[in-house]
Amino acid sequence: MAQVAIITASDSGIGKECALLLAQQGFDIGITWHSDEEGAKDTAREVVSHGVRAEIVQLDLGNLPEGALALEKLIQRLGRIDVLVNNAGAMTKAPFLDMAFDEWRKIFTVDVDGAFLCSQIAARQMVKQGQGGRIINITSVHEHTPLPDASAYTAAKHALGGLTKAMALELVRHKILVNAVAPGAIATPMNGMDDSDVKPDAEPSIPLRRFGATHEIASLVVWLCSEGANYTTGQSLIVDGGFMLANPQFNPE
């Protein structure tokens, strides 16, 4: 029986690229979408072209806990789960002094509560299967350093990083490995870009002087799902073109 990977928010961007690269590795793929059903269907068509199975379902992590139950439907349809990639997320920007509490809670509901519930559903099934598994949380460089005027997003990503470590420690006894991937400035629809925007010298403030491509995140996710990562758990792997190394003394010239 084929292994199964479920990637949340895989209708576009990093999630879609994770789905396609894992399909190339022979995984059957569970695809979720929030508002772009056609994007999810496009992902499914590309996944199936690699000779594996694809199932799609709408996932609304703004409506919890009920919304997360869609993950159970995917697991039932696919028969099992071996990998969960928590890619769904939300963000908003506002100065700390102006941040409304309901906006703060919306970000935490999707980015932290949603990942918690999806991980719990997946991990319980993995324990039941008795063969271990992998859970990968897509965080952000802002898990490690603040984004100005985005206190809710920054705090939520820090919380998801902490949850990653707590899950890793508790689930290792079940051979479930839990890690995070922390992207920097990646050319995704959330950032108003796509991979065509990955051009040399497009972003001089980043030491590599460009935005990242979605496959540069997804390829690390694939590695974390491989035997090569059998000794890796509780880590947050930063992929940022050197962004975290830059400081006021950094001269892009």
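Glycine is no exception: its Cβ is also placed from the backbone N, Cα and C atoms.
Here Swiss-Prot flags 6-30 as NADP(+) binding site, drawing on similarity to another entry. Look at Swiss-Prot and you will find S140 tagged as substrate binding site. Residues annotated as active site, proton acceptor in Swiss-Prot: Y153.
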Requested in this report: For G30 (NADP(+) binding site), just count the other CB atoms lying within 10 A of its CB, please.
Outcome: 31
Query - Spatial separation of S140 (substrate binding site) from L22 (NADP(+) binding site) - C-alpha basis, Å - result: 21
Query raised in the report: What number of additional C-beta atoms lies within 10 angstroms of the C-beta atom of L22 (NADP(+) binding site)?
Result: 27
**Report entry** Y153 (active site, proton acceptor) versus binding-site residues I14, G30, S140 - nearest by Cα
**Finding:** S140
Report task. Round to the nearest Å and give the CA-to-CA distance linking S140 (substrate binding site) with I14 (NADP(+) binding site). Result -> 12
Query raised in the report: Which residue, of the recorded positions I6, I14, G26, S140, Y153, has its CB surrounded by the fewest other CB atoms within 10 A?
Result: G26
**Report entry** Three-class DSSP secondary structure - Y153 (active site, proton acceptor)
**Finding:** helix
